[in-house]
Amino acid sequence: MSKRAYFGTDGIRGQANKHPMTAEVALRVGLAAGKLFRSQDERRHLVVIGKDTRLSGYMIEPALVAGLTSVGLDVRLFGPLPTPAVAMMTRSMRADLGIMISASHNSFADNGIKLFGPDGYKLSDAQELGIEALMDQGLQEGLAAPRELGRVKRIDDAQARYVEIVKATFPRHLNLSGLRIVIDCANGAAYKVAPTALYELGAEVITLGVSPDGTNINEECGSTHPEAMAKMVREYRADIGIALDGDADRLVICDEKGVVVDGDQIMAIIAAASHKAGTLKGGGVVATVMSNLGLERQLNTMGLSLERTAVGDRYVMQRMREGGFNVGGEQSGHLILSDFSTTGDGLIAALQVLAVMVETDKPMSALGRQFEPVPQLLENVRFVGGKPLEAAAVKEAIADGEAQLNGAGRIVVRASGTEPLIRIMAEGDDPALVKKVVKSIASAVKAA
């Protein structure tokens, strides 16, 4: 089996109570994962589960638990916890599998299931396909005997454990005393842990998006709506604003003037500081095809390279592991610092930026513009069915655009892994030409 029926680029994701994000599919994931582990050896296996604050988490979590325990796996429940924390706890608790129930930056109506291996890394494509192969078996197959059913326990101090891990990534000789920080937790998984970590490191903390009600996650707040954070930074005259997304694996920052700093600039800040300190590994940074050409040029001036991958933090992490890199990420704010974490961690990345601020005694406005971005335009075109990228007219429009840019820019056209969208991105030194190229390709996609 090579074609994915359930898993996309970031686990299983969709609208709650619609295929594939139903209680039945969650039950089948639990059953299939359990059967896969039991087929490998007969010992007791342990699975840990975390979730964000979506209402549908109350439906998905017990369905997963039912599937796992019915085939004899033990389960530990964390409750609301960031995705990177679940990855860390999977490893520290010697679990065989970690599961995060979240649709990240999507609205509350969506949910998702992400799987982590015992090393804290996202499962490989082959491992996910192995689970998929067992998901369509009958629900009565391979069940455990009554005495062999799994047991379930809640871990009450999971949030406190993660706070301590996060604080340990901040240099011991520094603290955040004297800094006024706005933190927007998107009414999501970090609503307790992020303000706590910043406060315990000495900051004056002003909170936003810390009142989840099950339906307000990412709603006009968080990393996808940084204007809320920026407004509060200006109002309270804060030194910096930090916005996380619903599962806290994504980070956007703004400076003391409310100017937003994206993932590319944050990578440049951390890479430059690490390079200066002699701690940058791999001779550069790993990012995706969507990262700005300006980042690549900036790194080149320091004698560093930018390695590009397909879109998706799993592919960034994969390249980082292959090449021995320790800084990578996406323009959208997924930032992976592999010295500290096995996946994107917004809070840890924010602390490393704060460390640079404190160490250099510079305001965020002096750090946030590491390079001048090359004009870049992104347009999303929704499609109903078919494969528009295979249409001859679309291929012709892309080739024509590349010819017009003539090596002084880039074009990336791809299908979203999580939504029925074609994402069209072009960048180059001539903004008018970039706009013309994007509009031409978008028109071809719409007509396909």
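Glycine is no exception: its Cβ is also placed from the backbone N, Cα and C atoms.
Binding of Mg(2+) is attributed by Swiss-Prot to ASP245, ASP247, ASP249, and the same site annotation extends, among SER70, SER92, SER104, SER416, to SER104. Classification of ASP245 (Mg(2+) binding site) by DSSP places it in coil, neither helical nor stranded. Least packed by the Cβ count within 10 Å, out of the recorded positions SER104, ASP247, is SER104. Listed in chain order, the residues near the Mg(2+) site other than SER104, ASP245, ASP247, ASP249 are ASP52, PRO82, THR83, SER102, HIS105, GLY188, ALA189, LEU244, GLY246, ALA248, ARG250, GLY344, GLY346, each with its Cβ within 8 Å of the site Cβ centroid.
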